[in-house]
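Listed in TrEMBL for this protein:
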type	residues	note
ACT_SITE	E308	active site, proton donor
ACT_SITE	D382	active site, proton acceptor
ACT_SITE	E410	active site, proton acceptor
DOMAIN	30-147	domain 'Alpha glucuronidase N-terminal'
DOMAIN	151-470	domain 'Glycosyl hydrolase family 67 catalytic'
DOMAIN	471-696	domain 'Glycosyl hydrolase family 67 C-terminal'
SIGNAL	1-18	signal peptide
Amino acid sequence: MIRLFFLCLLAITFQCSAEPKIQGEDGYRLWLKYDLISDDVKRNHYLTVLGKYAVVGSSPTFEVVRQELSLASSGLLGEGQEVKEKEASLIIAAGDNAATFAKQYGIEWPKQGDDGYFIHDVGSQNQPKIFVLSKSEKGALYGTFRLLKQIQTDDVLSGINVASSPKVQLRVLNHWDNLDGHVERGYAGRSIWNWHKLPGYIDQRYVDYARANASIGINGTVLNNVNADPLMLTPAYLQKVRALADLFRPYGIQVYLSVKFSSPQLLGGLETSDPLEPGVQKWWREKVSEIYKTIPDFGGFLVKANSEGQPGPGDFGRTHAEGANMLAAALQPFDGIVMWRAFVYANEKNEERSKQAYSEFKPLDGQFANNVLVQVKNGPIDFQPREPFSPLFGATPETPLMMEFQITMEYLGFSTHMVYLGTMYEEVLESDTFAKGEGSTVAKVIDGQLFSNHITGMAGVANIGADRNWTGNIMLQSNWYVFGRMAWDPEVSAREVANDWTKMTLSHDPDTVDAVTTMLMDSHEITVNYMTPLGLHHIMGAGHHFGPAPWVDWLARDDWNSVYYHKAAEDGVGFDRSPTGVNSVEQYFPPLKELWAKPETTPEKYLLWFHHLPWDYRVSSSGRTLWNEIVHRYYQGAEDVARMAAKWNSLKEHIDPLQFEQVRMSLAIQQKEAIWWRDACVLYFMQYSQQPLPDNLEKPSHDLEYYQSLSFPHAPGQG
Ligand code: BDP
């Protein structure tokens with residue numbers, strides 16, 4: 001008996017030790033790793049600066065600066081300490097102190113906004129003396145992170161001369177987190193907010209979340225889902241929100257809440273939530289003043305109204321402006337703001353979905369209160385892998401528009417597809433609206449340059465969850481990172497950001513950095529090719545939005561079905577949004593409305609978005625027929641994923657083993673799923689094109705029925 005017991009024990013022990021366990025970077029530290037710099041020359045160079053620093057002033061924000069410098073210097077250099085100003089080679093100062101230093105050292109400080117910073121070396125080649133100066137403490141914090149980036153990305157410090165100011169005022173994450181911990185469209189585990197344990201228990205994650213955001217300039221967070229639970233506004237939850245607000249304050253981050261428009265009825269027991277009713281206005285005024293008593297620097301509200309079943313002013317015969325202004329009036333005495341979403345479409349309206357937001361909001365231009373921003377999704381439909389920019393950008397000179405990007409991967413393969421969104425954001429921001437002639441880019445609408453807006457903002461639907469690596473896939477951390485960088489500067493280059501992120505997160509080996517940057521830069525176009533090439537859109541699985549399903553035709557509303565969007569038939573494929581069809585091109589400024597009205601002058605990436613074309617239409621860039629071009633793109637996309645996976649595998653020696661393995665596995669899944677998208681879509685469209693696949697192509701391994709039979713009842717993130 002005893003022998004048997006020992007044999008079992010031995011077997012168990014053996015089994016455990018035989019299990020492969022890869023040690024390494026688990027991704028928790030994001031891009032703030034601060035690993036020891038092994039190169040002596042480099043380390044000594046940085047030591048001449050970061051070895052002796054002085055933070056001039058004491059406040060909660062300066063405490064954060066001190067902590068970060070201590071963490072970074074001990075990590076990167078193995079040493080470093082705060083010293084007296086006179087002995088310091090790095091001095092961080094804000095406000096009057098900063099101005100005094102500037103005067104004393106003859107530093108010519110470029111004109112900039114309060115939260116900008118100026119990093120300047122007044123020392124010599126061998127002994128730099130660097131100042132990080134700002135008007136505000138927040139600016140000094142941003143400047144500190146910027147200086148640390150210089151070290152993390154192997155740039156020299158001596159001679160540094162960097163001035164930067166945020167071009168957009170509100171740089172905000174939108175968490176679609178429910179109070180029960182489920183994250184709508186979240187693919188990185190449960191919500192990071194542990195509402196049950198708040199306000200008493202402060203998870204270290206909240207601190208690291210704040211550090212990460214501050215490091216890229218994010219200064220606001222909407223804690224809860226736009227499909228809002230009114231409970232959020234109850235005193236018990238406000239105490240929980242307060243705990244987070246108190247923690248985030250020193251990091252320069254304000255909290256905001258999503259609110260349900262019918263809260264006066266649901267929480268207050270009122271008979272109506274009509275925004276013009278004095279009783280309703282009073283209810284909101286009192287609620288808002290209760291919030292500000294609890295959280296004096298509360299940011300304001302985000303509202304999804306009269307959209308996908310959410311209540312709104314329309315329920316009472318009132319406009320979006322009347323609804324938004326009522327909330328704005330309650331927030332105004334406290335400097336709070338309203339972010340009112342333009343994501344509206346209704347089945348009852350006799351108008352095509354892509355046109356509805358413009359039709360509803362354009363006539364309201366000029367009617368919104370001063371502290372309202374209208375928050376517009378980047379495309380006219382809904383965060384598709386690719387969309388043209390929303391025609392609202394540029395169309396409302398009197399109304400500040402806030403960009404809403406999706407960072408989470410709802411329509412892009414969840415967390416196993418590696419898709420860097422920097423290029424997608426860049427494509428949208430660089431788009432010319434022509435609102436005030438050539439050069440009226442979306443970026444200039446958003447940062448207020450075009451119409452001199454008094455208030456500007458950019459929002460990103462967060463991809464953050466309680467997974468150890470935060471985003472479900474280390475590579476997707478790059479999307480949180482690039483969102484912050486582009487919110488700070490909508491004109492920054494996606495490539496530059498990808499490069500920085502790669503160095504800070506994955507490797508310092510120059511060839512590896514180049515290879516990964518190239519993968520990131522190519523990844524979105526590749527994904528568009530194997531999912532929705534040439535302007536196809538909204539052909540994913542119903543409900544969960546996972547995988548291909550161009551056959552969906554059974555949902556209650558026309559414009560929820562895939563067949564509504566691709567309109568594949570024997571005569572061709574694509575949605576005619578030109579003047580011969582629903583004419584959504586009319587919502588764009590000239591020359592776009594004329595250019596996009598004709599297939600020959602429509603960019604190929606939007607071809608089937610704006611046009612229904614015969615299968616034998618000649619695609620000008622390649623000379624292929626439309627059918628052959630669609631097939632070509634699906635195959636090219638899938639092949640390119642295989643190429644990316646092979647490239648990644650070749651980098652094994654230069655990447656941390658755990659990071660390497662996790663990404664390798666995800667890419668292998670992506671490769672399989674790209675083939676799945678390709679085969680399912682090609683077989684589906686083939687029924688209508690009635691043309692074969694070119695001979696040289698690998699045939700799908702199943703028939704269409706097989707793909708149509710697949711179901712994913714427990715796909716994550718469902719709404
Ligand atoms: C859709 C999502 C849904 C969101 C909605 C929104 O599928 O979960 O609630 O957007 O933005 O794309 O309100």
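Going from the start of the chain as shown, residues are counted 1 onward.
Backbone N, Cα and C atoms are what each Cβ position is placed from, and that goes for glycine too.
Positions of the features from TrEMBL, shown on the structure.
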residue	record	Cβ neighbours (10 Å)
E308	active site, proton donor	13
D382	active site, proton acceptor	19
E410	active site, proton acceptor	24
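Taken as a whole, the domain 'Glycosyl hydrolase family 67 catalytic' (151-470) shows an average pLDDT of 97 in this prediction. For E410 (active site, proton acceptor) paired with E308 (active site, proton donor), the C-alpha to C-alpha distance reads 17 Å. Note: the domain 'Alpha glucuronidase N-terminal' (30-147) comprises 53 helix, 21 strand, 44 coil (DSSP; helix = H, G, I, strand = E, B). Across the structure, D382 (active site, proton acceptor) and the residue listed as 'active site, proton donor' are spaced 12 Å apart at their Cα atoms.
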